[in-house]
Structures are given as structure tokens and as C-alpha cells.
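These notes concern the structure reproduced below.
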Amino acid sequence: MDGGDYSVAGGVEDVYGEDAASMDQPVTPWTVSVASGYSLMRDPRHNKGLAFTEKERDAHYLRGLLPPVVLTQELQEKKLMHNLRQYQVPLQRYMALMDLQERNERLFYKLLVDNVEELLPVVYTPTVGEACQKYGSIFRRPQGLYVSLKEKGKILEVLKNWPQRSVQVIVVTDGERILGLGDLGCQGMGIPVGKLSLYTALGGVRPSACLPITIDVGTNNEKLLNDEFYIGLRQRRATGQEYAELLHEFMSAVKQNYGEKVLIQFEDFANHNAFELLARYSSSHLVFNDDIQGTASVVLAGLLAALRLLGGTLADHRFLFLGAGEAGTGIAELIALEMSKQTGNPIEENRKKIWLVDSRGLIVDSRKESLQHFKKPWAHEHEPVKELVDAVKAIKPTVLIGTSGVGKQFTKEVVEAMAALNEKPLIMALSNPTSQAEWTAEEAYTWSEGRAIFASGSPFDPFEYDGKVFVPGQANNAYIFPGFGLGVIISGAIRVHDDMLLAASEALALQVTEEHYEKGLIYPPFSDIRKISANIAAKVAAKAYELGLASHLPQPKDLVKYAESCMYSPKYRTYR
Ligand SMILES: NC(=O)C1=CN([C@@H]2O[C@H](COP(=O)(O)OP(=O)(O)OC[C@H]3O[C@@H](n4cnc5c(N)ncnc54)[C@H](OP(=O)(O)O)[C@@H]3O)[C@@H](O)[C@H]2O)C=CC1
Ligand SMILES: CC(=O)C(=O)O
Ligand SMILES: [Mg+2]
């Protein structure tokens, strides 16, 4: 594509010519053959329900299959939002939305795009967590692709059963660490499905390019093993060589089937496999671990934005983490890397400003021998400290970040210790879902007497304290991965590089305005997410070009406009 012409989008593969046509130009609703009549209405990619026009009803053998009325997509949206709001139980909303996705894909995405702040907590954290826990009981139609130990030796055949050929992003889990809810085995499928619906709604990657996959190697969750409605393999988890071989077959099959440029996002693997898989495949595949890298990028963005409130540079601050796993050490490492970029100091020096606490207390040098490899760089010289509150008093952090997966860990005592040390204590509770959050928005503003800068992984409602309404920001990797993935796709990047994560952080931080700061926010609202994602995509793509990792040439002149032009629009198309 010519770098200056944005009337025809071409970055994200446009198999059916939907984007190549302008909005008022008719397109053909392709399946393998032309879909018509009953099968057209039953195909979620093409179904419009009552919005099929008179002309379409004639041309596509729909007469009599629908009642006479013709609705606009806007009216359908209004009706569905009204219906959704009638449900008091979040899981009912989730089920209604999943049914819609299976029935009328464009209408589902139209709802998500137009009502992102209201519906994000339904298709994503916290409700998706409950949905995964009860996935067997609420299961109606399968979504995504299941690869289990039964398919060993046949994974390529399994991939070929997926109906779409033009896959650009895969989100894959093995279900061992679903949010902070632990091992949910095969029922973790709700996570790749939810993440990919955000790739489309928030990042504009077309639905047909998205493939959710769950790898089922068993589960160690006794409750699920004894649950008569459990949908997965009823056996304990495969480990060691058996696990590694299955994963290797999967990674090879993906490359063989979809080529080099399919982005594989690892999601909610337990840390003993997550770090290993990322290290093993990052030089041969286009891989990204959302929990390690996406989370790091979103938190760094929040910190960069917060510096405007806190003062100083990143290197002037001291950081303490509760939780030293994927999220904690991933964030810590990206902060240290950014400090190095800013100061020129070696990364080892910067790491000394960052401390982590795990389930055994502060990570210190005397524990080094027994630490998992990803914790070792954080074992600084200090006497052992068991309790978080004592670690706060000893380390005197300016920033406290919760990545433990355990709720209610930031007690009043901990918060008061932070507030005694800092005029504006920055305290993030990243753990999901809401039940696992280290503290709540109400606790944050009350215990700190309105001084804390608060952000959380799952959403909290605004809270009024002392006459002022504080709007809690959501520090969730959902800000990053959709735009990051779009940037990778539009540039045709062949590998993920840490500098691309830094570029994403910078792009997100730049979207925070004075108006947001005044409300207590260090992230922009999700209602602007498509614009935010386009900016992230542009910066990520620009970095990929700069690093020589981009294969989509020539580089478009205006990458923001180009990213926007590549985004999927959920508006109905007219059928000829
Ligand atoms: N907001 C967001 O965007 C994201 C949020 N998360 C959330 O972060 C949480 C952690 O995820 P992840 O890092 O992948 O999980 P990991 O299992 O990799 O790490 C959890 C860490 O927390 C520590 N820990 C557990 N219990 C305690 C405790 N009582 N006191 C102190 N430390 C404790 C563990 O210690 P030990 O090593 O000793 O076992 C471990 O170091 C989850 O709830 C997840 O939902 C994750 C990614 C993104
Ligand atoms: C948000 C996310 O990726 C997690 O909690 O695992
Ligand atoms: Mg995750």
C-alpha cells in the first residue's frame, strides 16, 4: 500500500473485501459459497436479524423467515442494552452477551465498542472469572479451539479444523493461573475468548483473524475433577517432558499452519511455565506474554503519567511489590529498563531501587540460593523481613504495587505506613478479579484521607471522600495488548522487542490529560480506547520499523491514520 493513501485499508488482511469497499458500496457475504436464506441468518458473521433490508430479504431468500419489521442497527443496539440492564446477576449478562456473539457478531461488537466502560466488566474481569469457574454449567456452544493431550500427534489437523484461514492473533492458555483464581483447567477458555473480543472491540483486529485456544493438559483442581459438568480432561496435569512435547508440537503446528507472522499471546499460564515458554519461543516465534509483558507496559505507563503528580523522574522513586511472579517481576524489569533508557545507568543499578515481597517475605540476598530464577535479580542486600508492613517501613517506597493474586493484603496498617512516608502514596492493586484485589477504592481514599493515587486491575466505581469524587483508574493490560497487537500486525513485525513495550507505555501515558489528573486518574478512560489503541499501535509499529523488525513495506507515512484505517468497524455492511 502507498504510505499516503488511507481510503482503502490493507494492513489487516481483508479477505472478504469488506474494508476495501467504501461504506456505501455493497459487498458479497461470502462463506465458502454465497450464504443465503436460512443459513445466512444462522451465520453469526453475516446475520443482521431484523436489520436485513427489504432488498436483502428479496435477494437472499429471506422473505417469510423474518417478521415484517425492519430495524436499524442502532435500534437493535438500544433494545439489547435495555435488555442487558434488566439482568441483576452479572453472569446472566455475560451469558446474554456470549449468545449475541454466537448469533450476530457485528451487533455484539457494536455494543462493545459503543458501551465499552459498561460492558468491559462483563466480558472481562471480574465477570469472566466467575464465568470460567462455572464454564461447564453455563456451556452452550463451544467457542475457540480445544487442544488436549488426546490430540497429541494430531495438532496440525486440529488447527486445520478451524474454519478461518487468515488468523493473525492467537490467545492461548493452559488454564493453570486464571486471573487470581488459580487452576481452572479447560474452563480457562473464557479468558482467550474474552481477550480476543477485546482485540476486536478495543484494538480493531477483525474477528475472523482472532483465534482463542485452550490447551488441556488436565487440572489439579479437585473441585473441577469432581464436578460432573466439568468440560475438560478428568486427570491431573501433565508436567515435564509430556507437557513440553505437547507445547512444542502446538507451537510448530501454529507456525506451519499460519506462517511466521501470527502473533501468539500466552495468557494465564502458571509462572513456572510462562517464563520458560516465553524464553524458549521468543527467538523463533512472534510471541508475547500478556501477564509478564502487557502488564509491565500498562503499569509503566501509569507510573510515567503519575510522575506529573508525584514529581521527580522514575529513577527518583522506590518501588515495593507484593507478589513476585509474572506480573510483579515483569513490571519490575520493565521499570528498570526504562530507568536505564532515561539515565544511561546499568540495569543492575536500577534494579536496586525495586524490591519485591513474595509469600515468604521480602526477597533478600540470604534467600538467593532457593529462589526461582526470575526472582534472583531482585535479591538485594537486606536482613530478612516477613511482613509487608515491616517491609514498607524498612524500604520506604514511594510506590506500592500489589501483584499477589490474594485479596485484602493492603491493610489499614500498610496504607497508613505508606501515607506516613508519602504526601501522595501511589498504591496499585493489580490482582484480579475484584475478590482478589489487594484493597478497594473505598479503602484507598478513606485510609489515606484522600491522598492516595489509586489504580486497580478490576474496575471500581467512583468514590466520594470529603466532598470530592475520586474516579479509580483501571491498571489492566487491556489498555495495551489490543493496540500492541494491532501495531505488530500493521507493521508485519516478525518479533516482539522490549523497546516495543516501552513505546506502548509511552503512547498510553501521553493520552492522560489534565482533566484526567483532576479526577485522580493516571489512565485515560476506556471510552477513548480506540483512539488510544491507534496511538499505541502507531508507536509500536514505528519502533518495529526502527528496529528493522517490520516486514510490511514501505512504512506508511502517518502510522496513526493508517492504524485507524485498518480497524474493523462493526457497522453492518450492505449485501448485494
Ligand atoms: N491488572 C492486570 O493487568 C494484571 C493482573 N494480574 C493479576 O496479578 C495476580 C498475580 O498474577 P501473576 O503474577 O501472574 O501470578 P504468579 O503466581 O506468577 O505470582 C504471584 C506472586 O504472589 C506471591 N504471593 C502469593 N500469596 C502471597 C501473599 N499472601 N503474600 C505475599 N505474596 C504472595 C507469590 O509468592 P510465591 O512466589 O512465594 O508463591 C508470587 O510471587 C493475579 O491476581 C492476576 O489476576 C496479572 C496480570 C495482569
Ligand atoms: C488481566 C490479566 O491478564 C490477568 O489478571 O491475568
Ligand atoms: Mg492474564
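Here the Cβ of each residue, glycine as well, is placed from N, Cα and C on the backbone.
Annotations in TrEMBL come from automatic prediction, not curation.
For Tyr124 (active site, proton donor), the same-chain residues lying six or more positions away in sequence with a CB closer than 8 A to its CB are Gly194, Lys195, Leu198, Asn476, Ala478. What TrEMBL lists as active site, proton donor is Tyr124.
As annotated by TrEMBL, active site, proton acceptor applies to Lys195. DSSP gives Lys195 (active site, proton acceptor) a helix state.
According to TrEMBL, the (S)-malate binding site annotation covers Arg177, Asn432, Asn476. Under the DSSP three-state reduction, Arg177 ((S)-malate binding site) is assigned to coil, being neither helix nor strand.
For Glu267, Asp268, Asp291, the entry in TrEMBL reads divalent metal cation binding site. Take the CB of Asp291 (divalent metal cation binding site) and look out to 10 A: across all protein chains shown you find 23 other CB atoms. For the recorded site, Asp291 (divalent metal cation binding site), the DSSP three-state label reads helix.
The annotation domain 'Malic enzyme N-terminal' is assigned in TrEMBL to 101-282.
In this model, the domain 'Malic enzyme NAD-binding' (292-545) carries an average pLDDT of 97. What TrEMBL lists as domain 'Malic enzyme NAD-binding' is 292-545.
By the rule that a residue counts when its Cβ sits under 6 Å from some atom of ligand 2, the binding-site residues Arg177, Asp268, Asp291, Asn476 yield Asp268, Asp291, Asn476. Checking the recorded positions Tyr124, Lys195, Glu267, Asp268 against ligand 1 with a 6 Å cutoff on the Cβ atom leaves no residue at all. The 6 Å Cβ screen around ligand 3 retains Asp291 from the recorded positions Tyr124, Arg177, Lys195, Asp291, Asn476, ordered by sequence position.
Excluding Glu267, Asp268, Asp291, which define the divalent metal cation site, the same chain contributes Thr173, Arg177, Ile178, Ile191, Phe266, Phe269, Ala274, Asn289, Asp290, Glu326 within 8 Å (Cβ to the Cβ centroid), listed in sequence order. On the backbone, the CA of Asp268 (divalent metal cation binding site) and the CA of Arg177 ((S)-malate binding site) stand 5 Å apart. The binding-site residues considered are Glu267, Asp268; of these, Asp268 has the fewest other C-beta atoms within 10 angstroms of its C-beta. Spacing of Asp291 (divalent metal cation binding site) relative to Asn432 ((S)-malate binding site) is 12 Å (Cα to Cα, whole number).
Neighbour count (other Cβ atoms within 10 Å of the Cβ, all protein chains): 23 for Asn432 ((S)-malate binding site).
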